[in-house]
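Enquirer: This is the structure, below, for whatever I ask next.
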């Protein structure tokens, strides 16, 4: 046990303890949501009263929940496909060609990552209202595209950068045109990134609130529905149940995406 | 194999190749920008054009249910004259600054641990650390409302244990609650850039520092910390900028004392219904962010130059 | 457009290549014959890889034209060109196994599965890796990847095979073995190989002809012996092997013989060749270290010069000596085979004599 790791890499016990506490604290607040969603009381407080799944049943019977769920799924699927598609084009362009102004282009595309969502949200709202475009799920989808595209590109770019450019040249050299080269070489190599981008952008769109807040019309997305219900304390338990389901699905989707896209996906 | 007179099918150039495809073959740059154009178009229509309209509207004024489109700087004058606007702006910067500092301080050891002390299942750790960030922001803030609430987890737990008699009121509806929640919400995101810059550090540099007589603490101060500075700066940047404009957290947890500029902007577009004022406030927020962004860029450049 | 040279299989005519403002290739013209093993030799950044990539179609010439088998190529994208390439990194497709890598280019030929299988097996035999068809790309060693890259290109029966430093990533022993195999393979398939390398020994071993490149131009194109024995200018002479250089001035012309006054060597004579020259013209004279003979006593016949032995290095089969002669700043290098057993090498500075044959002297063009 003494000499199996180098001096620098020797384990650091306090740091290890810190790391574990960090992870626990990171997850704990979120875990209270499912905990109380099974609590047989409309008050969210200790001590717990008893186990029940009535709040989940109540959700099942609410048409509004189903409506907003379908709205969110519709927007999420369209946005994830569109932003991943555009992301693939953009990532390919940014890695294959020595484009002048590449750093500024990347900076521009990544802007929505840092600029507070409220600014782009109100800006789009102002533009759409001046153009006379009625707010709808389409306008929400446009807003979500702007939020998701930087994440798609940030997910795809390392994949495109990570493989040897000469394998695409080899394919061209062996007689394949750009279309076939993409499907026979590029896509199979970058597909973990594509799957991750699809799952990630779907989750982001599904969970997104700020753009939806400013840009949705009469049809709410799921987060909008939850926001509306937060005003009513008596709705708390069923919102907890709904939140627990959303969190579970989000965690699952993102985890799958990240896992497929992990660095050692192609046994190096 | 010796029969070289057999031409492979690939030997004959296609006669059908159009002028366009030929042009694209000859000009890689046009191919590159061609692939990039849908993204750039969307970003231009979705960001540049709206912000320009927003800028124009910020010089208008409200008139009944419509707008007076004569050019005036009245909104800006009002924003700088009436104390409420700048007070909220200041509070936004104050809250984000504290959230940023505490996030970086708390997340750095974690990034350090994974970069230097995790050898197996590194990817698993990274995924675990960053996973919460990708899930609903609204729900994570909501979770904190449940934790900090008047009859929430902490208060009811402490009261149940008999530690306190009445709920602690400062937990909810205060700037502190906002800072705690923001710190928690952004910690997962802050780890990534710091982890990347720590991971990049050549381990032999640390061995060299040790060899030249530095103990763990001096080695950290003289080697690890300066070399990971770009990561710390970009993490701060990635937290500070978006949190200044946040309005979900203050709306749910801030109460009247925890209100931030984002809430005010949202009010202008909602209940107050003064869009031009909201536009001006958004532009002012953007200018603040841009100037702070420039400072961060300058710091990054400085840190990078010191390293290389 | 001028017609291509009838014997030339590949004809490169007045080709320029700019990357932005940087000129990578400067007006290169050359012809490569059918079935030739042709090498582009030069240090990194000399433009050899750019030239190869223009043959493959990954770069287009800024000016000029490349003909392959009589066809102008500048409008032809890589996937329509009758050439195939072995990449420096081998570019083995990471998601495909060996068999699918080799069969990659056969898609367009619409062959039956059986036929494809047979062709791949034939190639696996040719590269001496039978049984390797089902291996994954990441289970292969460097040498194996290199062979598979070869097979993948050769299965398409290209008119020209382009090789971009294919042996660079291999260790010394494997490299020497692969050199022999590559040469044998080229004889078997009989097609033109264009080979890029920075390793002069490799180029000499493999090639029928070599073009030595520098700064985007071709310095000299010749057979390996031609390049080594009769380099035309100082850069080529210095790049290939070791060379001693001497400044010289024409003393007199006697028919076909040129008598020169060389700094450090004294009066030397060499053949005039095609040159027109008169007394007083300056030249640079060169001689290979192994063409100088070293002795402790003054030789009785032939031209000779006295010098001081400054340094000696014992290398086993041969020894290198560095001899200081009057009028030369750098010591003259001499390489001698140790035909007798060396008891102990004498490191002390002492007087030695150098001799040479007249025809070992090379007169360089760029004085």
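Even glycines carry a Cβ here, placed using N, Cα and C.
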Enquirer: If TrEMBL is the reference, give me the range from A:135-157, A:158-180 marked as transmembrane segment.
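Expert: Going through A:135-157, A:158-180 one by one, TrEMBL gives transmembrane segment for A:135-157.
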Enquirer: Need a quick answer: max count of Cβ pairs under 8 Å to the transmembrane segment (A:135-157), which of A:15-36, A:72-93, A:105-128, A:189-215, A:236-260 is it?
Expert: A:189-215
Enquirer: Should anything in the same chain at least six residues away from the transmembrane segment (A:15-36) have a Cβ under 8 Å from its Cβ atoms, list it; otherwise answer none.
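Expert: Beyond its ends, the transmembrane segment (A:15-36) has Cβ neighbours at 44, 48, 237, 240, 243-244, 247-248.
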Enquirer: Take the transmembrane segment (A:105-128) and find every residue of the same chain, 6 or more past its ends, with a Cβ under 8 Å from one of its Cβ atoms.
Expert: 90, 94, 99, 135, 139, 142-143, 146-147, 149-151, 153-154, 210-211, 213-215
